[in-house]
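Trainee: As annotated in Swiss-Prot:
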- Gly40, Glu41, Lys42, Gly43, Ala44, Gly45, Lys46, Ser47: ATP binding site (BINDING)
- 5-238: domain 'ABC transporter' (DOMAIN)
Amino acid sequence: MPIILENISVFYSRNTPLEISALKDVNLRIEKGEFVGILGEKGAGKSTLIKLFNGLLRPDSGRITVNGLDPSSKKVKSRVGMVFQQPADQLFCRTVYEEIAFGPLNFGYSRKETEERVFEALEAASLERSMLSRDPLSLSGGEMQRVALAGALALRPDYLVLDEPITGLDPAGKKEILETLKKIKGQGTTIITVTHNLKGFFPLLERIVLIKEGRISFQGSRKEYMETENVPLPPVASMMRELHSRGIQVNPAVFTVEEALKEILRVKSMIEKEKAEKERAEKQTKK
């Protein structure tokens, strides 16, 4: 079942001179299995929105349901995995194992069941078992992000909610997170990610929700977003589209910009080589 928001409004410092309207009359429906990107500038209301999904924040008006239930219910909280923008802010246990096990133990699962979930989540997040005894805060930024992700996955969530999961990571860390999310999406998990920059996520998203000043100004597919918002294709995407129009399929894996350029240059070199061979063959035929 979906997440449904109806006429949601959220205020900070309500009924004071400092009152701020963070969300205004938001209506949104997220279906099971979707990969949704929530896009907007800093302060637009993105992070406020996702805090509603598992009851971290209550709306001042309107109604939200997750699988038909109130998001503050224990059943919903156990099915919604959250990963925050700064992984260090949610990593507080002494070891990676304890960190990943925290959620299942907190929701009453046995130690045996919890151990199974820890190893399952570890693999899903592409982490090595040798890391289980390490201090989470001693890890690299990308590794900490994946530990936080594993902690969310240990709940076997129906919904995975991510707040700027690749912000601040180096290219290798970003690639690891994106490839992990692609794998998780293939298992049928609903993924909702907040971002101020679609770079990296764009090939994975099935729907984009654009928030401006607390209101949803657009929601639709990637194609609709680019047409409606007049988004120019970056050079790499333009080149890939040109190759596809010629019937040339480029490896659809999640690329870094450098990898995409290498792939495109490889294919273009192949085209030029075939063209040269064809011209030589035609010249020999004429002789």
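Positions of Cβ are set from backbone N, Cα and C atoms, glycine also.
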Trainee: Using a Cβ cut-off under 8 Å and a sequence separation of 6 or more, which residues in the same chain sit near Ser47 (ATP binding site)?
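Mentor: In sequence order, Gln85, Asp163, Val194 meet the Cβ cut-off.
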Trainee: With every protein chain in view, what's the tally of Cβ atoms within 10 Å of the Cβ of Gly40 (ATP binding site), excluding that atom itself?
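Mentor: Neighbour count, Cβ to Cβ under the 10 Å cut-off: 22.
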Trainee: So which of the binding-site residues is most packed in, judged by how many other Cβ atoms lie within 10 Å of its Cβ, out of Lys42, Lys46?
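Mentor: Max Cβ neighbours within 10 Å, all protein chains included: Lys46.
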Trainee: I'd like the Cβ neighbour count for Gly45 (ATP binding site), meaning other Cβ atoms within 10 Å of its Cβ, all protein chains included.
Mentor: 23
